[in-house]
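Taken straight from TrEMBL:
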ACT_SITE  TYR83  active site, proton donor
BINDING   HIS145  substrate binding site
DOMAIN    55-296  domain 'NADP-dependent oxidoreductase'
SITE      LYS112  site 'Lowers pKa of active site Tyr'
Amino acid sequence: MSPSAITPETSPEHWIFAKKAAVQNRSHSSSASSVASIRLNDGNSIPQVALGVYKAPNGQETEDAIIAALDAGYRHIDSAARYANEEACGRAIRRWLEKTGARREDVFVCSKLWDTDHGYEATFRALCSSLDRFGLDYLDLYLIHSPAEDEQKRLQSWRALETAQEMGMVKSIGVSNFGAAHIENLLQNATVVPAVNQVEIHPFCQREALVELCNKNGIKIEAYSPLARGHKLEDPTINAIAEKYGKTPAQILLNWNASRGNVVLPKSLNASRIQSNLESFNFQLSAEDIRTINALGSENYVTGSMHKSDD
Ligand SMILES: NC(=O)c1ccc[n+]([C@@H]2O[C@H](COP(=O)([O-])OP(=O)(O)OC[C@H]3O[C@@H](n4cnc5c(N)ncnc54)[C@H](OP(=O)(O)O)[C@@H]3O)[C@@H](O)[C@H]2O)c1
């Protein structure tokens with residue numbers, strides 16, 4: 001190009017600027033997501049929908065599913081030491097960040113302290129091992145997977161989570177499978193109120209009293225097994241409502257849960273179900289249909305657990 005042909009639009013500076021802007025736009029649009037976020041009691045935000053990865057293998061299939069989910073717009077992965085797939089989750093997240101130019105803080109990562117690791121020091125060891133397996137510097141959320149029966153151990157684990165949060169190893173801390181008595185006991189002894197309680201919640205297992213207690217104390221409900229593990233997709237009430245809205249039964253189950261303000265964690269390794277689960281939130285169930293669904297059940301656990309879960 002001759003010097004006379006250099007105009008403001010063709011100058012190298014302009015070209016470099018345009019290139020930079022294109023890269024920035026690309027990384028911005030790839031990290032943008034339509035999933036709503038919810039504010040936790042510690043001021044942090046949590047994407048309302050997560051990809052659950054219970055029973056997902058520690059290999060390529062899970063990596064591909066997580067990348068499909070992130071490409072589709074999920075920004076939250078729910079794993080656990082117990083699921084033995086933290087390496088695959090970490091690899092997938094790092095690959096996706098590299099591919100898109102998105103930043104670590106664009107993906108919300110949760111893991112959980114397994115039952116055999118309760119106690120103050122054991123909790124730190126377990127958390128460090130989880131971080132190593134993910135290949136990450138911090139987790140967005142770390143949960144006690146289920147309450148230790150020994151109260152002292154349970155409280156020591158919680159104190160370790162409080163310290164880990166102070167140290168920046170985890171942004172938010174919470175519990176899972178805590179019943180009302182565990183929550184009340186923790187509230188009497190904790191410095192930090194848990195940000196979430198992750199429990200089985202779906203239209204057939206609504207657990208109103210526990211939900212109310214958590215709501216009253218600013219503890220967000222994370223609904224696990226929100227698809228009732230696929231066992232209730234033939235239910236006639238759910239199917240009639242699905243037909244009325246032109247949605248799938250799975251989408252009705254997920255929409256109902258999100259309409260209560262819960263974080264929902266549908267698990268799938270199938271790209272098209274990952275996508276259709278994410279499309280569960282772009283419509284509103286009528287008050288009457290919500291009442292009909294509310295009448296379905298209150299304590300029908302599909303995970304076979306009461307407050308204690310093996311998963
Ligand atoms: N804290 C705890 O103790 C605990 C306990 C249980 C679960 N969780 C968390 O919650 C997540 C979800 O719970 P979950 O895995 O028990 O069950 P879920 O999400 O209720 O159901 C998963 C099952 O439904 C199938 N599925 C997914 N989308 C579907 C769709 N659109 N239509 C039909 N079937 C569909 C999946 O199969 P495909 O993969 O073949 O699609 C899988 O078999 C877990 O992955 C885990 O992250 C936590």
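Every residue gets a Cβ built from N, Cα and C, even glycine.
TrEMBL does not curate its annotations; it predicts them automatically.
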Secondary structure at LYS112 (site 'Lowers pKa of active site Tyr'), reduced by DSSP to three states: strand
Recorded positions compared (TYR83, HIS145) - highest count of Cβ atoms within 10 Å: HIS145
Averaged pLDDT, computed only over the residues in the domain 'NADP-dependent oxidoreductase' (55-296): 97
In three-state DSSP terms, the structure that the residue listed as 'substrate binding site' belongs to: coil
